[in-house]
Structure formats: C-alpha cells, structure tokens
C-alpha cells in the first residue's frame, strides 16, 4: 500500500499468516529488485541495521519528493508525513540559511501517539 512502511519481518509474517511459504532471502531479493526498478523506496535509519520499505508506485510524484519521516524512540515505528508547515521550514532553510533539506533522509525523532497513550 502506498505511503505505508513495512519491514522484511512484517512481509514474512504476512505470508506466514496466510500459509504461503516464502523465504526471507526471496523477500529481500524481490524488494531490492523493486527498489532498483523505482517501485519501492528503502529507508535505513542511521544507527540501525534494519530497513523498512515503502511502495511508491510506477512513477514518483512531487508529493513523494517532499515526504518526511518521524521515528518513535519507544517502539521504533517510522511514520510517513507530508506537512505544509515542514515544507515552509524547508523553504526557509533554503532561502535564509543556504541549506537544502533532503526529505528522503530527514527524520524527526520523538514519541508516537500510541506510545504516549500507553505511558
């Protein structure tokens, strides 16, 4: 599903729950092929070895180019966001500080709503 992040483990569990035998290596191979073909974006958050993947479809849109991410420091969830306010910050950084943010590599850290509710 477009805009949703999944891990190899989640994909493996999806197939396992449906009693479909798919090896982890096969999943990695297919995901890497889809990354190469431009159908999937791979995200690795610095300081971790694990990656998550996002289906972006046949052609990237300008909306995708301005997608930022938030990472929950408690559960590790990576949240895909598009926000006009962050776009304003990005433009401000470029225009006033001569620094261009890279949306694909910009991650905001904090605590997600679900983890805040459980505290």
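Cβ atoms are placed via backbone N, Cα and C, with glycine included.
TrEMBL labels come from automatic prediction, so no person has curated them.
Counting every protein chain shown, 15 other Cβ atoms lie within 10 Å of the Cβ of residue 115 (Zn(2+) binding site). For 72, 75, 112, 115, the entry in TrEMBL reads Zn(2+) binding site.
The annotation Fe cation binding site is assigned in TrEMBL to 87. According to DSSP, residue 87 (Fe cation binding site) sits within a helical segment.
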Given the Zn(2+) site residues 72, 75, 112, 115, which other residues of that chain have a Cβ within 8 Å of the mean position of their Cβ atoms, reported in sequence order?
73, 74, 76, 77, 111, 113, 114, 116
Whole-number Å distance between the CA of residue 115 (Zn(2+) binding site) and the CA of residue 87 (Fe cation binding site)?
26
